[in-house]
Amino acid sequence: MLRVRCLRGGSRGAEAAHLIGALVGRALSGRLSRASRSSSSSAAAQLPLSAHEQVPEPTAEECPVCAHNEWDPLEEVIVGRAENACVPPFTVEVKANTYEKYWPFYQQYGGQTFPKEHVQKAVAEIEEMCNILQHEGVTVRRPEPVDWSLEYRTPDFSSTGMYAAMPRDILMVVGNEIIEAPMAWRARFFEYRAYRPLIKEYFRRGARWTTAPKPTMADQLYDQDYPIRTVEDRHKLAAQGKFVTTEFEPCFDAADFIRAGTDIFVQRSQVTNYMGIEWMRRHLSPTYKIHIISFKDPNPMHIDATFNIIGPGLVLSNPDRPCRQIEMFKKAGWTVVTPPTPLIPDNHPLWMSSKWLSMNVLMLDEKRVMVDANESTIQKMFESLGIKTVKVSIRHANSLGGGFHCWTTDVRRRGTLQSYFL
């Protein structure tokens, strides 16, 4: 039987905010007392703040950002954009995360836009997805359009950009805090810029905002000799805990983490290293516990098409990539569901992902799920679980590397912080 424990006081952010507010208040009081000795300083201290300068502290009742898990009723969501999407240059970290049959595509088109007609179809699909989300009562927000074809240079590398299609990769909401992830692909170095207007708005309205240490992405972050010619090579290396990213500096994609209240599960992957996981552990403790889990996966990158938590004590577990720690979940009373084989045809291009995007679903609440209209078998699986399916077709959007979970970041879900893993 699944055990659930409610925590008093909401998220850790509220406590921290009040403590910081008190400390800042004392500091300001001392400063103003000293400043009163000077007439000029006193006058300056009495100047009122403009509306734009007044930034409120977050409260659980009013904060526009609040999510504790993957299934509470969804109220607001960021949905990515396919516009201007560019093929990333074929660097070692891209090679390690893509299938060999697509390597000629990257070699030919790296730095250029994805096929125009395909992107146009993806844009139309995501627009329809947004319309359906709004029809289901969810507020939809979008990142800014950006020209990703522009080349940029840092002291360590040069690259063109990629897209702002997958907010799940870069943004993670934990309680009332938005965390910007220090992603590992050089083509995604400036992706955060598309989301900054939204994040600043949420911050001004009371959300907490944290940016993890930005990696330099110097050559030392990548194993330049990483052997990835065959799937067998990848299986052996992953089993040995060896990946294309080194431990030179912290890096992680937010999509390698998945939330279940006070417990957050993460995998070490091609884009998330142990330093990145340790940074998150220290940042979120003691309220949240980070659990590292692993899978029989030759190409680990993003957990949500391998292990997708869809309800309290309910998880989809990919049969092709079994979780090595699955008994831990069963002992905790969780129900482990094996999704059916995806129906996506072999000839459909999936430049950055596998067919298992069929299980990369978005829960609107415990009893509603957004699922691909073409995947009839997984629809039946959800219906057998008593979950209503909201059907949308995003086949062309899938080609850019994500399903419904990838294409979104849930900004606000109505619920409280609880423990589901005791």
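Heads up, the Cβ atoms here are built off N, Cα and C, so glycines get one too.
As recorded in Swiss-Prot:
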type	residues	note
ACT_SITE	ASP253	active site
ACT_SITE	HIS302	active site
ACT_SITE	CYS406	active site, amidino-cysteine intermediate
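Here the features listed in Swiss-Prot are placed on the structure.
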{"residue": "ASP253", "record": "active site", "DSSP (3 states)": "coil"}
{"residue": "HIS302", "record": "active site", "DSSP (3 states)": "coil"}
{"residue": "CYS406", "record": "active site, amidino-cysteine intermediate", "DSSP (3 states)": "coil"}
ASP253 (active site) and HIS302 (active site), distance between Cα atoms, whole Å: 7
C-alpha spacing of ASP253 (active site) relative to CYS406 (active site, amidino-cysteine intermediate), in angstrom: 11
Neighbourhood of ASP253 (active site), C-beta criterion under 8 angstroms, separation at least six: ASP169, ILE170, ALA181, MET183, ALA184, SER269, VAL271, THR272, MET301, HIS302
Other CB atoms, at most 10 A from the CB of HIS302 (active site): 28
